[in-house]
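*Asks:* So Swiss-Prot lists these for the protein:
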type: DOMAIN; residues: 32-99; note: domain 'BTB'
type: REGION; residues: 317-349; note: region 'Disordered'
type: COMPBIAS; residues: 330-349; note: compositional bias 'Polar residues'
type: MOD_RES; residues: 333; note: phosphoserine
type: MOD_RES; residues: 343; note: phosphoserine
type: MOD_RES; residues: 361; note: phosphoserine
type: MOD_RES; residues: 379; note: N6-acetyllysine
type: MOD_RES; residues: 404; note: phosphoserine
type: REGION; residues: 407-467; note: region 'Disordered'
type: COMPBIAS; residues: 424-456; note: compositional bias 'Polar residues'
type: COMPBIAS; residues: 457-466; note: compositional bias 'Low complexity'
type: ZN_FING; residues: 518-541; note: zinc finger
type: ZN_FING; residues: 546-568; note: zinc finger
type: ZN_FING; residues: 574-596; note: zinc finger
type: ZN_FING; residues: 602-624; note: zinc finger
type: ZN_FING; residues: 630-652; note: zinc finger
type: ZN_FING; residues: 658-681; note: zinc finger
């Protein structure tokens, strides 16, 4: 038979307490065993924490040749601010995302192989861009000439020559067409060198419909002017068509793999499709580079360089790093749940991940239904931070907001047209053939409604017909339609939103309203505003009829009012029989007697400490949680208890409310007065002693402090 001692006790705050203590050790530089150098900035940390959170550090410290390193230099292109945010996230589980640092954090998270952070950054970007797509969607010409891609939309392609007549594949650097890293951030204010680029990221959604995009990618006639180079021009021209049966195509033929953000298509399931080019096309010069439909200027060619993935490989690259990282996720992996980190064994660089890939385990599909995610938690964490960080846009920020939304380059000419099923059919944000939003994620809808209702920003013509926008009614007095106007205008009779109006009308349905005047049915008082009627009803006709004649306090029972009046009169009729202390309420006397009896009925479940009052237990629990909810508005110091904050405020105000009646000295804190009475006047202030003598036997000349 199991005894209570055999049961398992779950400490809910243990994990957060350990993380808090580790962060304190890091801040005090205690037992930190590694220094991370990022662009000449040093960050001290613990190897165990880095290994538990980052796949890159896990691969470093599990290597026998690198496990004893005390200084690690990361890639010079890693942004120190992004790494600092991720390091704080490792120790606090709080990710500080803003529009200004989202790209740096995302690039650094990719480099550190923190997939759960990358997914969160992608959701942050999608949520912020969904409301701007319709307002700033570029026309078709801008779409063809655009050079900017968002990091999650970089396609993994590498141009190679078409093998003709079974000739061996030649090394053609002119046709090498990796993603152009500097141009990806040409629309951002941050220098492109601050971010690392990766060529394995999926294309999530398109700005145009499938039919419109297919017209762009599959030209029937000659789409190039005579002076413009053909795509994949380093390949030898063939008078016939380029298209061949799939089985005859060499695997080295240039093709692109377009992945869905929710699903990885197996390599053998993809079909290679090639363009059918007309016979009358002119061959291009052999030295011309492989280019998309738009011509590349010389300046951009001079800036072109290999992607940062090669530079990252120069630093700690795992020996058996998998090629396709998306295919490593198992159905039981924590990555399948939102914002959950991979365990070290499931990280991209781990040996188990390589084994999983070698075994050919099929990738699992995550749920595509937007309702499968926890939108309540997303709304509380992400949307609230978006609203709090909202600032008025200046000229630079307005230009950044115009260029930062998702824009796509036309696919390179050597890229085959993909079938509709290979396109992003599971993307949360889709566009129909007419260009309108067909399905928008629930988080984006919440974001649109909250931001528009709080900021009152002007809407575009496409948004004006959207059913998602809640139009605030015009003010009947001044005609304003601002959402904030309902709270500030004195002529507004009720709240803005219909559900609030329904609650107000149901609560005060027994009151009458005539010609804008509100009458109370209890006493026939007249008010010009419904808020004044509500205030009058609560103060006059509430269920607390007993009111204090000295203050605005009201009580439901007469005895509570009598106890309250002792606060004003200073009367303390309840006396302790042991020490003589007096109290104005019997409950306070009952609590006081526990000091003499030694009874401590309130126990802390975390550490087992016991307390006399439940308020003391609540204050003690904050020690384990690390919470300090009471900040000083003057100096910013935070306190665990409200009384400590009140005592601290006396330092700023100079108040000294406690004074000695014998020598007329004033003290800021009660403890200082009690110490003064004991040392200077010999008073007995320690009431915790179990006195054997009653209070009536105490000498009259001996002062007593409460």
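Cβ coordinates are placed from backbone N, Cα and C, and glycine is handled just like the others.
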*Asks:* What residues in the same chain, six or more past the boundaries of the zinc finger (602-624), come closer than 8 Å to it by Cβ-Cβ distance?
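*Replies:* For the zinc finger (602-624), the far contacts come to 11, 13, 17, 591, 594-595, 640-641.
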*Asks:* Could you give the mean pLDDT over the zinc finger (574-596), rounded to a whole number?
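*Replies:* Mean model confidence (pLDDT) across the zinc finger (574-596) is 89.
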*Asks:* Going by DSSP assignments with H, G and I as helix and E and B as strand, what are the residue counts for the zinc finger (630-652)?
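*Replies:* Helix (H, G, I), strand (E, B), coil: 11 helix, 4 strand, 8 coil.
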